[in-house]
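Colleague: Dropping the structure in here first, questions after.
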Amino acid sequence: MSGELGEKDECQSSDREGNETGAHFPAVPPPDRGVKAWTFLTGCFVIEAIGWGFNIAFGVFQEHYSRLPQFRDDPNIPVIGTVATSMVFLGTPFAAPLVRKFHNWRQAAVVAGSVLCIVSLVWASFANSVAELIASQGALYGTGILVVYAPLVSMLNEWFVERRGFAYGIVFAGGGVSGVGLPFLMEWLLAAYGYRTALRVAAVAQAVLLAPFLPLIKGRLPAGRQEKVPADWRFLRNPQFWILALSNLLQGFVIYIPSIYLPSYATLAGLSPRIGALLLAALNIASTLGQVVFGHLSDRFNNVYILVFITTFVSAVASFCIWGFAQSLAPLLVFAIIFGFFGGAYVVFWPKFALLSEDHLLLYGLMAFGKGIGNIATGPVTARMLTLPTSPGYGLGTYKTVIVYTGTLLLASTLGIAGWPVRRARRECMDGNGHQG
């Protein structure tokens, strides 16, 4: 039943289908356990760390580009990073039906997407304008990640059912782990050799590091044992969906702002560029831990709405009360840790949101799309905010509007908690109808 489907129901449904047709297909490994499941998860973790981790480190590139004569006068430098991340989110609902249709090509798609990422970095190394960087390091790199990401999610849903939140937390944490050391490495390469060499080194490194792990990415179920789930749009009549969708959209407008601007903020505060890399590393370490912890909690705790409220509310308070007043390393570091742990965890709730529909991949894709809408606006909107007249004080003056914007939208995103009483009311209504029947 749409809106009340449990994870065990999906698991049992898939297994029943496999048992009914067992004479035609070889035995498949069980979900949530076993060497093959954990091997697959390891491959996903590494691919996420290598591919998405580079996006997370964009703040270091932005700081470098803003100091180069050929780029520094262009206000659209932040757009490079937001385009790269938003391509993934905006494209997911459109890629989802293609993944289902071309089930046998999922592993090949992961390889093809990885190649696109490598090519985009090589192209970006020859760029002479911000527009070229937006097209290469932004749009093409984001497209490559999308081609990797959509089939990866499809296969992950096969391998993990009852522990899906934890599995997503592990995978998403891959980007955070990479983000711990990658900002330092890229900052050193950029300072020592410039962006052209740094991008080419990154391209070669991705090719070498991905090669041994791509063969680990395989689906659990053969094509013939895939459930044919029709498009289920009944969730559009469920107010829980709209509450969560709006909360997700608002969070998507601001979640990447700290990772984009913390290095530049630190520089304005008189700290060295290496401090900016340190802040990104701290944010990513905290995000890694938060995603694993809240992913596990989402599997064990039967109320995702409370988890949504906790993560968004704490992130908002940290933005208003810590980042806005920070003028030295200590408060900036505290903010990066708190924001990373709570703010970065929100995405692991998407698999829970997806249970509102029989077609989990469709609703998951729509949540990704909502976040993409917010995220794609981050660069242009915040770039405009930085051109507004300023005065010394809160947010070092320059970043006052950006910080207030971040905290306000995160506070508004706490409305996700409203889904809790709505869920209770719907259940009581359904129980009442059942008794009447």
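Placement of Cβ uses the backbone N, Cα and C atoms for every residue, glycine included.
As annotated by TrEMBL, compositional bias 'Basic and acidic residues' applies to 1-19. Residues or ranges marked as region 'Disordered' in TrEMBL: 1-28. As annotated by TrEMBL, transmembrane segment applies to 37-57, 77-96, 108-127, 133-153, 165-186, 198-217, 241-263, 275-297, 304-326, 332-349, 361-382, 402-422.
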Colleague: How about long-range neighbours of the transmembrane segment (275-297): same chain, 6 or more residues beyond its ends, C-beta under 8 Å?
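Modeller: Tertiary neighbours of the transmembrane segment (275-297) are 56-57, 59-60, 63, 165-170, 172-173, 175-181, 183-184, 186-187, 258-259, 262-264, 266-267, 307, 311, 329, 332-333, 336-345, 347-349.
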Colleague: For the transmembrane segment (37-57) and the transmembrane segment (165-186), does the number of C-beta pairs under 8 Å, pairs 6 or more apart in sequence, reach 3 or more?
Modeller: yes
Colleague: To the transmembrane segment (241-263), which of 108-127, 133-153, 198-217, 332-349 is linked by the most Cβ pairs under 8 Å?
Modeller: 332-349
Colleague: Rank 133-153, 304-326, 361-382 by Cβ pairs under 8 Å to the transmembrane segment (108-127) and hand me the top one.
Modeller: 133-153
Colleague: Is the transmembrane segment (332-349) in contact with the transmembrane segment (304-326), using three or more Cβ pairs under 8 angstroms as the rule and ignoring pairs under 6 apart in sequence?
Modeller: yes
Colleague: Which sequence positions outside the transmembrane segment (361-382), separated from its termini by at least 6 residues, show Cβ-Cβ distances below 8 Å to it?
Modeller: 76, 78-83, 85-96, 99-100, 153-154, 157, 229, 231-232, 235, 241, 244-245, 248-257, 260-261, 347, 350-351, 353-354, 402, 405
